[in-house]
Every structure is written in C-alpha cells, then in structure tokens.
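Take a look at the structure set out below.
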Amino acid sequence: MLVVAFASLLGAARAIMMPIDDPTTSDKFQITYANESLWDTLVMKNKTALESGELFDLGPDTKCFLPNMTRLHEQNVQSVNDPEYKQKLIDTLDMGAHIIDASLKNQCLVSQNGFWTYRYCGSGDFTQYHGVAPDPNDKLTYTLGRSSKQIENREFQLLYDDYGYYISEIIESGDICDVTGTPRAIEIQYTCGNVMRPGTLQWTRETKICHYEAQVIVPDLCQLELLSKNQDKKNAVPIICHMSNDVPDKHNIVDIVSNYDVSFVANQVYFLLPMNNSNVDRALLMYTGNATEDGLEMDPFPMEIYKKFIDVMNKMLGLGLLSPPDGKPFDVHDSYQWIGDIVDMHGNYLNRLRLDVDVNMEATLIIDKSINFTGPNNFQWYFRGSDRTKNSKSRFGSLTNDNMMLAGGSIINVDDISKENAQELLEKLVAAGKLSGVIEDNKITQGSPIEASKTKVTKASESTPVSEKNKKAKTVTKTIIRSRDKEEYFKENEKQGEENNAQVPFSAHNNEQHGTISKSERKEENTNQKQLANTQKGDTDTPPQSSQSSANDKLSRSGMGQKEPGVDEIGSELRGNSKKALGSNIDNSSGRSTLNDNSDRIAVENEAREIINSNAYDQSEASVDPNYRNDQQRLNSAKEHTFSQSKEKKSINSEEILETKILNSETLGNNDGVASDVKDEEVVESDRNGVIDDEL
C-alpha cells in the first residue's frame, strides 16, 4: 500500500487548477426503461420522434433515444420575440436582483483554487489572496472589484448561454493593475443550483489581464422559472432506453446513471452522487479508463494513478462536490475522513479511496482495498473546526518515529508505511535537490543536539548557496574513536588535510562573500597580539579586549563583519584542541568545572598563552581570517601537540579547564564571556575509557 500526502489541500500549496464547468449547471438527463412494446410505440414506430431525435447504443444490449438538444435551444431563442416573454424577462431580472441582494447581504463566500483563495462578500468586495485570511497590507492580497452597498446603484443583466439564463453583474473599482495601469474588474454570474444557502462561490478565473469572471450559485434563484433550468425535475431531458431482455442488469451503466447524479471531474473519473429517490446512500467514483492496463488493480499502484486521483480530489473540493454530513459549508479548520469506492462503467468494484484532512488543511490520500468502511455515508468521521476544544483528541492517532516522515518541513502521518516505501515515494514527490537533505535529516536521532546544529547549518546554506569547495568547512559531523586508534586517526586526517589543501587553496575562497585581509595586515596583527600578551602577563585577571577590537576593526574594513555558516563549529574545534593541549580531567558526573584558586588560574592562563603563541598554533592568524581556521595542517599540528602534552601531564584541575575556556574566549573573539562559553561548549575527554567524543 502506498500513501500520498499533498500539503495544504485546501490552502496555498495545492496545485493550481483551471475551473471547469459547474456540474450543477450542465445538462441533466432522466433515463426511463421501456419494454419492447412501449419502445416500438414511443420510438421505433413514431416518425415524428425519430426526426426530432437520434438513436444510440448504450452497451451491447441497450438502445436509447435522445431528443435533439439543438432544436430545443432554437425554440427558446424564438420565444424571445414574444412581447409577453420580454416582460417576463424584465420581471425575472428585477426579482432576481432583489433575491441576490437579500441572500448574500452580510454574507461572504470563499473558494480555494490552487495558489489563490477568493472571497466575495455581498454588497462588498471581491478579494483574491494567498493565505488563511486576506490582509490589506499583504502584497499577495488584491481587490478585484468593489460592489455598491445600495442595490439601486448596482447594474444587473439577464443573459443567456448554452446552459440557460443567468444574471450578470460587473463590479469595478478594484486595485490598480500593475500591467495595464487601470483598475481591476470582475463579472459575477449568478445562477440557480441545488446547493446549501446562502450559496457557493463555484469558481473564479482570469479571462484577460486583470479582468476576471466568477460564478456564484444562489439556491433561492431557483424560485424563478427562467432561472430554474438546473433543477432536475424541470430541465432533465428524457431518455428512453430499451434492453434486449426486460430485466435491467444492475451492472449496466444505464442503471448507474439512473440512480446517481453524474458529474465529470477529471482524468476519466466521474463523481456519482446518489439521487434523492434512489436506494443508495454513498457516493462513488467511476473510472472510465482501462483499469487493468492503467494499473488501478495493481498492488502497489503506479504513481500515475495517485497523480490522477490527487487531481480529482482537488477539483471535487474546489467545485464543492463534497458536502459535510451536516449540510453546512466546510470550515477552514474542519477535519474529516472521506471514503469512497472506485467502480468501472459497469458498476464493478475496483478499489477503495480514503481522504484524510486534518485541522491544518494537510491531506493524505490512500488507495487500498483493505480499507474498512462502516459509516452510513462516505464520511467515516467529521469534526467541526469551530467545535474543537484544546482538550479534544484527534482521530488520526499518535505520530511516532516509525510512521512519520519529514517532507517540506511538515510531519505527516504515512499510516505505518515502511521506510523503504516511504523513501521510494519521496523520490518521486520531492525535488532531487531537496531529497538528499530530507533523507539525511532522518538518519539522525530525533531531538539530538547534533541534529539541531545540522539543521541550523543546512537552513543557512539554503539561503546562501555554498560552493562544493567550501562544503567541508560548513558541515557539522560527529566522530567517536577509541584511544588505540588515535595515532592512526590523526595520521589519516593529516593525509586528508594535505589533499584538501592541495585541492582548496585559500585563494579559491569567494572574496566577495568572506572579505580579504593582506599579509602585511596579518603580520601587523600578529605583532600587536604578541605585544599585548607580554604586557598583560602581570595582570591576567583582565581579558585582552584591545586585541579583539583590533581584529574586529580589520574584519570590518575587509567586509568580514558577519560570520559565515559553520564558523561557530570550526571555532569549537579549535577551542577543543586548545583544551587538549593543556590536558583535561573533568568530573564526568557533571561535565563542568569550577574555579577556586586564583593563583592556579593565573598560572594556567600564562601557560596556555605560551602554547597558543607557539609554532604549533598561531592564534592571531586564526582569529583574523575565518578561512585560515580551517587550515588542516595547523589543526593537525595542534592535535600532535595534544598527545605530547598529555603524556607529560596526565591530569589537570577542573579550575584549569575553565581558565582554558576564558583564554579561548579571548583569543577566538568570543565576547560573550566565560558563562556563555561554559554553557555552549563542553568537550569531554576520558583517557581511562579511551573514548573521544568530538564535534567538528
């Protein structure tokens, strides 16, 4: 079983679709079965009927007679010239305008169509926006037209098309169009239809630049005879059919059409809504394609099948074909589960479809024959968003690490789908450039510190593209090695460092992004740092702030005031190596150290300063140029120096560790002080356990 989730089904993330003709305004047909005697009398031996209609086959054993629709339209056009009929048109327009005003006054109709959402408030504005609600200050909110509040100032017209009469109103004074420089305008077509009061906004489309059309169905307009064409009992065209035997086959398409209101949706799929007088209570989805060749009966199903039915469900919701069980319009935060059977043209069962929509308008589509279906109608359950309380529980069930995936920044329920199938599904749904990041993120334990760091770096990298040469310096990794492998590990790193230095010279960095600093400036800064260190040996309680200010001045002049993604992680590595150079012995029960003796503090600080100013690690260059911090050769030299120091000095007081943090805060330009450094960076080394846990 495959599960397809498509985000924001009722909102902005849904694929853009063009509106199709409203199924409630299309032609209706009423099919009547006739035995052979009645068939001969009404059709086969009726010359007038044969001249005004046509015969056609509806299956191998069924013949039907359809009246000529063109002649019916011609008769309607000819009747317009009648004076009495003209007066009837005038009266219909006048009464229709008052019905529209009364029905939609203080009411707002909303419909979603792809990226955009449309809202029309009677005697008010017609708005196009993106999001949950229109915001006048948002750049993605446009007013397509402004209607007058007084009915006397509104202009209505009674027009006619292939589907019959409708009332048209053009409202103007919309927002200025960026292309034409003129106000936007929209034509609203009011029609009769069997929908819930006060009405529905069926569709909205842009016919030309900044000119729009919309269709609004007002059920009370069906009170007017000329506008009631869409009522089945008044406009259904009678079709007479005769079968070779007198007992209709329940699996024949004629039987399906006679019990359901059929509406074409998309992709060879029809929506079958039970008629009021039928003995069925569940809607169906009829697939008219070849189910075997198209893979509808396969398990698992081809992705093309899911794409077809995702489009189908989008259009069904956009056209309002699905109605809540209480008969009220959908609310923005309603959640429900809708289940419908998929049948072929003969009514044979093919498969079962389930649509889950949660309160965040996220939808999940499942096609599976094993879906349990026990409800009296198509809704297995339904929760009103307005009735939901903070303590109410969702019927979706709990999300665990085994049945959730990260896709587009949202966690979705994939109904216990296996991770292998989920990954295969994502490969088809997620863009190739994002798939690797999605899969990689899920390899890390949920909620771990390293995951948070990696997510932070990844997001920064997305906003600022990172070249292939700089990726190593911008990635957070986690390495755990045994003590017996230390020498082999660092030798391998040294070899890798030489390869990296050969492939990625410092000159290859993007100077426009990182800024530059000349060798003379580095030399001058180096001298200033050493002089400042010598002058402060007598007073080690005060951190050398002036060296940092000098470095910041040069960074500001060279355009390096902002840190690039990953610099904090590289700085963490350098600070860790400085601690190793002094050795460490941290209380494993707490992972923290305290400072008790001021004399030890001074001694440790002086010793650390001498090590950092030695040839093993030139801190002045590392503090000036962030790229220089990634020099693998200097990093390996510091690591080699670590082992030589650790052999001479097996342990050190926890006070000395804290002093190392203070020193690193000064040399690496960390102005946050000791407290923040202790809180953010903790490196634990235990020679007794032989494990190093290091974040690079």
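Heads up, the Cβ atoms here are built off N, Cα and C, so glycines get one too.
Residues annotated as mannooligosaccharide derivative binding site in Swiss-Prot: Trp116, Gln128, Asp178, Arg184, Glu206, Tyr212. Sequence-distant neighbours of Gln128 (mannooligosaccharide derivative binding site) (same chain, six or more apart, CB under 8 Å from its CB) are Trp116, Thr117, Tyr118, Thr141, Tyr142, Thr143, Leu144, Thr204, listed in sequence order.
Positions annotated as compositional bias 'Polar residues' by Swiss-Prot: 458-467 (among others).
The feature compositional bias 'Basic and acidic residues' is assigned by Swiss-Prot to 482-498 (among others).
Residues or ranges marked as compositional bias 'Polar residues' by Swiss-Prot: 499-518 (among others).
Per Swiss-Prot, compositional bias 'Polar residues' is recorded for 528-553 (among others).
Under the heading compositional bias 'Polar residues', Swiss-Prot lists 585-597 (among others).
For 685-696 (among others), the entry in Swiss-Prot reads compositional bias 'Basic and acidic residues'.
In sequence order, Arg119, Tyr120, Cys121, Gly122, Gly124 are the residues near Cys108 (disulfide bond), counting only same-chain partners six or more apart with C-beta under 8 A. Per Swiss-Prot, disulfide bond is recorded for Cys108-Cys121 (among others).
Reduced to three states, the DSSP call for Cys177 (disulfide bond) is coil. Annotation source Swiss-Prot lists disulfide bond at Cys177-Cys210 (among others), citing sequence analysis.
Of all the Cβ atoms in the protein chains shown, 20 others lie within 10 Å of the Cβ of Cys222 (disulfide bond). Per Swiss-Prot, the feature disulfide bond maps to Cys192-Cys222 (among others); the stated evidence is sequence analysis.
Annotation comment: Swiss-Prot describes 106-224 as domain 'MRH', evidence class sequence analysis.
Annotation source Swiss-Prot lists N-linked glycosylation site at Asn35 (among others), citing sequence analysis. According to its DSSP assignment, Asn35 (N-linked glycosylation site) is coil.
Under a cutoff of 8 A between CB atoms, and with a sequence separation of 6+ in the same chain, Asn46 (N-linked glycosylation site) has no neighbours. In the three-state DSSP reading, Asn46 (N-linked glycosylation site) counts as coil. Residues or ranges marked as N-linked glycosylation site by Swiss-Prot on the basis of sequence analysis: Asn46 (among others).
What Swiss-Prot lists as N-linked glycosylation site is Asn68 (among others). Around Asn68 (N-linked glycosylation site), taking its Cβ as the centre, 12 other Cβ atoms fall within 10 Å, counting all chains. When secondary structure is read from DSSP and collapsed to three states, Asn68 (N-linked glycosylation site) falls in the coil class.
Annotation comment: Swiss-Prot describes Asn276 (among others) as N-linked glycosylation site, evidence class sequence analysis.
Annotated N-linked glycosylation site per Swiss-Prot: Asn290 (among others), in sequence order. Here Asn290 (N-linked glycosylation site) comes close to no residue that lies at least six apart in sequence on the same chain with a C-beta under 8 angstroms from its C-beta.
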Enter the number of other CB atoms within 10 angstroms of the CB of Cys192 (disulfide bond).
29
Compare the Cα of Tyr212 (mannooligosaccharide derivative binding site) against each of the recorded positions Asn35, Asn68, Cys177, Cys192, Cys222 and report the nearest.
Cys177
Out of Cys177, Cys192, Asn372, point to the one nearest Asn68 (N-linked glycosylation site) in space (Cα versus Cα); all of them are recorded positions in the record.
Cys192
Counting only residues 6+ apart in the same chain, whose Cβ is under 8 Å from the Cβ of Cys210 (disulfide bond)?
Gly174, Cys177, Val179, Thr180, Thr182, Arg184, Ala185
Within 8 Å of the Cβ centroid of the mannooligosaccharide derivative site residues Trp116, Gln128, Asp178, Arg184, Glu206, Tyr212, which other residues of the same chain have their Cβ?
Tyr142, Leu144, Gly174, Cys210
Given a 10 Å Cβ-Cβ cut-off, pick out the one of the binding-site residues Asp178, Glu206 that has the most other Cβ atoms nearby.
Glu206
Most Cβ neighbours inside 10 Å, all chains, among the binding-site residues Trp116, Tyr212:
Tyr212
Could you tell me the mean pLDDT the prediction assigns to the domain 'MRH' (106-224)?
86
Cα-nearest neighbour of Cys192 (disulfide bond) within the listed recorded positions, Asn35, Asp178, Glu206:
Glu206
